[in-house]
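Undergrad: Encoded as structure tokens, here's the structure I'll be asking about.
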Amino acid sequence: MTRTAKLTIIPPGRPLSGRAMPPGSKSITNRALLLAGLAKGTSRMTGALKSDDTRYMADALRAMGVAIDEPDDTTFVVTGSGRLMPPKAPLFLGNAGTATRFLTAAAALVDGTVVVDGDEHMRKRPIGPLVEAMRTLGIDVSADTGCPPVTVRGTGRFEADRILIDGGLSSQYVSALLMMAAGGDRPVDIELVGEDIGALGYIDLTTAAMKAFGARVEKTSPVTWRVEPTGYRAADFVIEPDASAATYLWAAEVLSDGQIDLGVPNDAFTQPDAKAYETIAKFPHLPAEIDGSQMQDAVPTIAVLAAFNETPVRFVGIANLRVKECDRIRALSTGLNNIREGLAVEEGDDLIVHSDPALAGQTLPAEIDTFADHRIAMSFALAGLKIDGITILDPDCVGKTFPAYWRTLAALGVTYQGKD
């Protein structure tokens, strides 16, 4: 399939209205796929996301002996034997951070060698803290650059009473170890060390999914979890819509003064990015300072929205955005300054947006480099709702988590140049 080189958004000039259901949660889908793959028996996952990231996870599990059927666009039927098998070739996971981190840890439960690799972007994303934690368990694991590829020479088991992990860079390291730990031989305490972890809510998603698949896990302190060696059992599992995807629709609604029905109440989400709704709803009077540490994937959405706010906005607690699919702080400042020089400034790991509501209605031709990052593409599309001339480069990168994004906006009344 030929990729679209660029897409120019035509400001609709009217409120956006209609029903727009976000896809299933990427974070929950990839957790559930792995847990179902580790379980013995057949699990049925409904409401699931079918996207680049979840396809990478599903294909990797297939390569490790798990049978996965897809009877429709939102369902996975997963049949596992209770044990993952060594794949015949390296696992290629594109730029899927969840799949890469989760499968690196799960590879310790494989009796054989597993190589976890990704594309040129994934090969720049750090995985050292997870590798170091696994080594302390006696697991033979190597990552020469501190980034993928990672080679795990597993024995199918590990023994540990306690695992220390620095989750300062990513909560995914912690989630990976938690899911691995239920396959151990004895109870394990997993304890955070180092810098305060961001996005603790994603660990709550992990433990909730683990419990749904039969694991026993308990939070014994603010930084410690105890996991029993239960393994996993097959389960039917319903996946809620993606809160990160919902943020674009919430922002489109307030920017256009429209009315968009997401098909699910705003308070029904359990994902961390759902916290963004209360912030977005305050537009055009966003707070002067926004802490993005607990809603990291929503920061690009709110940063572009902030360009049209009544007063400037400083984003703090977002250092982790530098090691996402791209350096999102740099990508946001670059894109905003392409729209108008001086619109954004980086101060250390903070981002300051010098808001100007007068931007709305102007013609400001700007090509937005997405750096192949789905969230940069989807966020800057919002600017195109109010400014004439916004062109998104590599718009198909949204396929990572929201393949129907452009069609969804079109159904609400947005038109484009450069895409059918």
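Just so you know, glycine gets a Cβ as well, placed from its N, Cα and C.
So Swiss-Prot lists these for the protein:
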ACT_SITE  D297  active site, proton acceptor
BINDING   K26, S27, R31, S170, S171, Q172, D297, N320, K324  3-phosphoshikimate binding site
BINDING   K26, G97, R125, Q172, R328, R375, K400  phosphoenolpyruvate binding site
REGION    1-24  region 'Disordered'
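Describe the structural context of each listed feature in the structure shown, including burial, neighbouring residues and relevant distances.
TA: For D297 (active site, proton acceptor), other Cβ atoms within 10 Å of its Cβ number 26.
Its own atom aside, the Cβ of S171 (3-phosphoshikimate binding site) has 24 Cβ atoms within 10 angstroms in the protein chains shown.
Secondary structure from DSSP puts K400 (phosphoenolpyruvate binding site) in a helix.
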Undergrad: Between R31 (3-phosphoshikimate binding site) and G97 (phosphoenolpyruvate binding site), how many Å separate their Cα atoms?
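TA: Here the two Cα atoms are 12 Å apart.
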Undergrad: Would you work out the biggest C-alpha to C-alpha distance among K26, G97, R125, Q172, R328, R375, K400, the residues that bind phosphoenolpyruvate according to the record, and give it in angstrom as a whole number?
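TA: Comparing all Cα pairs, the maximum is 19 Å.
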Undergrad: Other than its own, how many Cβ atoms are within 10 Å of the Cβ belonging to K400 (phosphoenolpyruvate binding site)?
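TA: Its Cβ has 23 other Cβ atoms within 10 Å.
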Undergrad: Which residues in the same chain, at least 6 apart in sequence, have a Cβ under 8 Å from the Cβ of R125 (phosphoenolpyruvate binding site)?
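TA: For R125 (phosphoenolpyruvate binding site), the qualifying residues are N95, G97, T100, G118, C147, P148, V323, K324, E325.
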Undergrad: In this structure, which of the binding-site residues K26, R328, R375 has the fewest other Cβ atoms within 10 Å of its Cβ?
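TA: With the binding-site residues K26, R328, R375, fewest surrounding Cβ atoms within 10 Å: R328.
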Undergrad: Just checking: which of K26, S171, Q172, R375, K400 have a Cα that is within 10 Å of the Cα of D297 (active site, proton acceptor), counting only these binding-site residues?
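TA: Near D297 (active site, proton acceptor) by Cα: R375.
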